[in-house]
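K.L.:
Dropping the structure in here first, questions after.
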Amino acid sequence: MGKGTRVQSTSPPDGGWGWMIVAGCFLVTICTRAVTRCISIFFVEFQTYFTQDYAQTAWIHSIVDCVTMLCGLGFALCYSPAIAMVGKYFSRRKALAYGIAMSGSGIGTFILAPVVQLLIEQFSWRGALLILGGFVLNLCVCGALMRPITLKEDQTTPEQNHISRTEKQDFKRVSPCSTLTKKWVHTCLCCSLQQEYSFLLMSDFVVLAISVLFMAYGCSPLFVYLVPYALSVGVSHQQAAFLMSILGVIDIIGNITFGWLTDRRCLKNYRYVCYLFAVGLDGLCYLCLPMLRSLPLLVPFSCTFGYFDGAYVTLIPVVTAEIVGTTSLSSALGVVYFLHAVPYLVSPPIAGRLVDMTGSYTAAFLLCGFSMILSSVLLGFARLVKKMRKTQLWFLAKESDPKLQLWTNGSVAYSVARELDHKDEQSVALTVPRYSPTRPVA
């Protein structure tokens, strides 16, 4: 877009054109995440046509999902920027905005799952993929809604602008072929990258990144193997597609309700805890899945798993923004979704290999469940350690010097110096007699 369409704002507007950004992100998630989820409906068709085992066939979905999450490739050119744009336009209602935007994944799955099954029956899997490809072209329309915005923290000061202009003038005076120019360019690039990706050194972000690897490993195989598993326990093709639709529509409810709830004053400071709670419950659902071998039992599973899947998907950008801030949100989300790509690539084939080796889905589902639970436990343990460190610092500050301030890595332990100073002033004011010119002299 041209420079003239860039919106200037000192703070996120929390509305206005932001709702159009939410609508655009909503459509993007339908065309990307919902379409890739529906690839699992093609699983049996691919397996039958190519006469391959579970592990080999699972690579199709893995590659599509992996490329979707890789920044700079495939759907990621639309997906990551659209999600980051929502964070630029919303602050106070950020969780609700993300809940609405990310619900496109559930709504798309709910609508597309039976439609894709019908297209396969009418036009074969080749025709169904061709029609889905035409549908995905609507991403071009979504991109037209993305209007850039400049926030206060993104604006440069006059001193920074002067330094930038001076550097550009120096660059023009120096020959582009000289060694000095190359060193200057290398230094500028390194400084720019260091400033943009400084969040990679934050301990909170490192813990989040590691937990994302385990979480992404666990969440991906279900969307590949839910339909084949349902077929293996005697559920019909239409009913198996119906399970995906249920999962999708409950996913919507999880997106919106969890986003709205965590925007409330009572839960706004506990979004991190809500996120790990949702991930852990999805892991518990996985552990129960091998015991569910009929449609009446699989429907409640789809409802429960879909709700908490929508819940934690909504909170991923919110939790990331709380850790790194809105200025680095786009780069941080790019890293987070890049980390999704690696488990998305390997987890379905590994699960397929376990199915081929054991002849059942039990080992694959249990491994996914424990992986998601480990992700939740890791985040909870990190938060507990951080809280214990803060408490320890507070006691150290209180026992040493009451006017001492301890500064640690991102945490500040304040003493009660202000209260003590205020009490000292009051005591001095009471003990010192005031001078009164009308008082009679003895």
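Glycine is treated like the rest: Cβ placed from N, Cα and C.
In TrEMBL, annotation is done automatically, which means it is predicted and not curated.
Sharing the features that TrEMBL gives for it:
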- 1-387: domain 'Major facilitator superfamily (MFS) profile' (DOMAIN)
- 21-46: transmembrane segment (TRANSMEM)
- 58-83: transmembrane segment (TRANSMEM)
- 95-120: transmembrane segment (TRANSMEM)
- 126-146: transmembrane segment (TRANSMEM)
- 205-228: transmembrane segment (TRANSMEM)
- 240-261: transmembrane segment (TRANSMEM)
- 273-292: transmembrane segment (TRANSMEM)
- 298-320: transmembrane segment (TRANSMEM)
- 332-351: transmembrane segment (TRANSMEM)
- 363-385: transmembrane segment (TRANSMEM)
K.L.:
Three or more CB pairs closer than 8 Å, sequence separation of 6 or more: does that hold for the transmembrane segment (95-120) against the transmembrane segment (240-261)?
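P.N.:
Between the transmembrane segment (95-120) and the transmembrane segment (240-261), contact is present.
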K.L.:
In terms of Cβ proximity under 8 Å, which residues at least six beyond the ends of the transmembrane segment (240-261) contact it?
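P.N.:
The answer is 34, 37-38, 40-41, 95-100, 102-103, 105-111, 113-114, 116-117, 223, 226-227, 230-231, 267, 274, 278, 295, 298-299, 302-303, 305-311, 313-315.
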K.L.:
For the transmembrane segment (126-146), could you work out the same-chain residues 6 or more beyond its ends whose Cβ comes under 8 Å from its Cβ atoms?
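P.N.:
Residues packing against the transmembrane segment (126-146) from afar: 1, 20-21, 23-25, 27-28, 31-32, 35, 38, 42, 75, 78, 81-82, 85, 112, 116, 119-120.
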K.L.:
Which range wins on Cβ pairs under 8 Å with the transmembrane segment (363-385): 205-228, 298-320, 332-351?
P.N.:
205-228
K.L.:
Which residues, given as numbers and ranges, are at least 6 beyond the ends of the transmembrane segment (298-320) yet have a Cβ under 8 Å from it?
P.N.:
83-84, 86-87, 94-95, 98-99, 102-103, 105-106, 205, 208, 212, 215, 219, 222, 226, 230, 233, 235, 243-244, 246-255, 258-259, 262, 271-272, 274-275, 278-279, 281-282, 285-286, 288-289, 292, 329, 332-333, 336
K.L.:
Would you report the average pLDDT that the model assigns to the domain 'Major facilitator superfamily (MFS) profile' (1-387)?
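P.N.:
Overall, the domain 'Major facilitator superfamily (MFS) profile' (1-387) comes to a mean pLDDT of 80.
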K.L.:
Counting only residues 6 or more past its boundaries, what in the same chain has a CB within less than 8 Å of a CB in the transmembrane segment (273-292)?
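P.N.:
Hits for the transmembrane segment (273-292): 211, 215, 218-219, 222, 229, 254, 258, 261-262, 267, 298, 301, 304-305, 308-309, 311-312, 315-316, 318-319, 360-362, 365-366, 368-373, 375-377, 379-380, 383.
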K.L.:
Do any residues of this chain, six or more beyond the ends of the transmembrane segment (205-228), have a C-beta under 8 angstroms from a C-beta of it, and if so which?
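P.N.:
Counting only partners 6 or more residues beyond its ends, the transmembrane segment (205-228) has Cβ contacts under 8 Å with 37, 39-41, 43-44, 54, 58, 61-62, 65, 199, 240-241, 243-244, 247, 279, 282-283, 286, 302, 305, 309, 312, 316, 319-320, 323-324, 332, 335-336, 339-340, 342-344, 346-348, 351-352, 355, 361, 364-365, 368-372, 374-376, 378-379, 382.
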